[in-house]
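K.L.:
When I checked TrEMBL for this same protein, it listed these features:
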TRANSMEM  16-41  transmembrane segment
TRANSMEM  131-156  transmembrane segment
TRANSMEM  190-206  transmembrane segment
TRANSMEM  218-248  transmembrane segment
TRANSMEM  260-278  transmembrane segment
TRANSMEM  285-308  transmembrane segment
TRANSMEM  320-338  transmembrane segment
TRANSMEM  436-454  transmembrane segment
TRANSMEM  460-483  transmembrane segment
TRANSMEM  495-513  transmembrane segment
């Protein structure tokens, strides 16, 4: 990649000074990446005292779906051979009771498979535990992430100082740019570094005057990074859809050639199709909007748009509007038809959530409400901007965004400068480069996505760093300022481009270095004795093939720590699993003991684990507690003071998770409590004897 940067910065050849600058910048970029890796690893160690706690405590620290993903890495290592491990994943009957599913098809866990194989073949078993090999690999990806941001800002501004500023900003804004130190196994922590690499490769690909041979090399980098991104995250299709819309917009505004558009689309299509094949024809990919958009309307319509970018301004806008309408209509029509014909419902819950979030769907839908009630899927909190402003990131970012966007007040300014205006007019008009235009739209589109859904902010805040650094170190923004001041000389430009970032870096060092040292010196310790006690009891006192029912988050930990069979789990991208989860969650609803017992027996449960933190939940407000969501889905009036919709009725049964603790009939007839501590209650289902066979025939 460094070689490509060298060629892209000096397409006509390079001097020793250029080589020295590239080597210096590369050293700084790698150093910042390693610093970030060490920083998050130290925070993780100090927060949990990870090196000194028991193995079960280490595994419990992989909360919710993180534990589920890590369990497959552990399962592969425990298998007698790699072939046997792969067979068990492809024919898995422990993740969902009474079902055999293909984990490699359902989930994006090739990274766990790859790491388990790598750990087996490398001579590191004697001095590095499997869990450390796993977490260190994830932390090492932060090095890749920072280097990718460094490269992007360097390419945009032609200054490695921008890369240094970008890397420092990323580290200082850790709270808003990543959560890797406490959610290690989350798919986004694997995929976003590859997405940042892809953005860097696209930025390089769109640089002016890049030779064809270099373009082909960079295009392969785009493909590899896109493929890795898609392979490691199930929500890749939605991110790529936004990116495809960015490319489409750039095409409409004449920033890209048809060859560039088709090439970038083709890299996305090939990546998605390859992942689709590796995931055994996963239906979620096949029915994705982005694949339909890329395969049919965009590529096909591309062949008919030769005359779309000709004519006067009004005619051209009209043609582009018609083109856009045609593409979107074809996309949604074909996508809707394909899902109906093929009965694809894997991502149905996501579109329910989107419709409900913007007021177009039923608010009582259980799946949609689970997302709507989580803070991570709400609007971006305003205190995010306070933190970003505190590290001096927000101000240059907004200045860069407003100056570059505001520089275009006339329609002709939205071109890449290929028109036949006079030289004098060209000198006064800001000509946006294609790579700058891409990054501008990238930060705008993903910024809007982050505003609407807080969890998506990690796709935006990381990119803020190179974009703001480009504004500080690039020529484009400063040239506009200096023109206004009538002092746009090469000497003044160099002075500002090098002095301002150095001043900012010095200020950040002075203000934040002591805070970082204080932060990494704080020592805490993992403490969750109730969960540890539960896991140890399950491991020692229950059969290895026992089936457990409970909350998705807890069951993921049970699978990791004990290897027991689950009724449901947090990987929600399956319609049948979502329905099963809603049924199992009736243990927190107002249902009769007989009905709950019947449901649990139908999914093969032997034990249920009830959590007081859910049964008596106070974290969410009324209407968003899990028991409220279940009541609404069942048409029952919610607990506590407050308004209820008029069509809701009073439930005829008490809440199951409360009533079962009374140990009265019929609860004592159907369930037996076998474990209890301050947090958890475990009940064993009693198997009802069949009625006299004579009543049912011979």
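Indices start at 1 and increase along the chain as displayed.
Just so it is clear, glycine is given a Cβ too, placed from its N, Cα and C backbone atoms.
Looking at the shown structure, can you explain where the listed features end up?
P.N.:
For the transmembrane segment (131-156), the list of distant contacts is 1, 5, 8-9, 25, 28-30, 32-34, 36-37, 40-41, 44, 55, 58-59, 70, 73, 115, 118-119, 124, 162-167, 170-171, 178, 180, 184-185, 189-190, 192-194, 196-197, 199-200, 203-204, 207, 435-436, 439, 462-463, 465-467, 469-470, 473-474: same-chain residues at least six beyond its ends, Cβ to Cβ under 8 Å.
Only residues 6 or more beyond the boundaries of the transmembrane segment (190-206), in the same chain, are considered here, and those with a CB under 8 A from a CB of the stretch are 1, 4-5, 8, 111, 138, 141-142, 144-145, 148-149, 151-152, 155-156, 178, 215, 218-219, 221-222, 225-226, 228-230, 232-233, 236, 239, 256, 260, 264, 433-435, 438-439, 442, 458-459, 462-463.
Away from its own ends, the transmembrane segment (260-278) comes close to residues 104, 110, 202, 205-206, 219, 222-223, 226-227, 229-231, 236-237, 240, 243-244, 247-248, 250-251, 285-286, 288, 290-291, 294-295, 298-299, 302, 434 of its chain (Cβ-Cβ under 8 Å, at least six residues beyond either end).
For the transmembrane segment (436-454), the residues of the chain that approach it from at least six positions outside its boundaries are 152, 156, 199, 202-203, 206, 242-243, 245-247, 249-250, 253, 255, 357, 375-381, 401, 404-405, 416, 460-461, 463-464, 466-467, 470, 476, judged by C-beta separation under 8 angstroms.
Same-chain residues lying 6+ beyond the ends of the transmembrane segment (495-513) with a Cβ under 8 Å from its Cβ atoms: 157, 159, 161-162, 164-165, 168-169, 172, 391-392, 396, 469, 472-475, 478, 482.
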K.L.:
Would you mind listing the long-range same-chain contacts of the transmembrane segment (460-483), meaning Cβ under 8 Å and 6+ residues beyond its ends?
P.N.:
145, 149-150, 152-153, 156-159, 161-163, 165-167, 169-170, 173, 176-178, 192, 196, 199, 384, 388, 393, 396-397, 399-401, 403-404, 407, 428, 430, 432, 436, 439-440, 442-443, 446-447, 449-450, 489, 492-493, 496-497, 500-501, 504
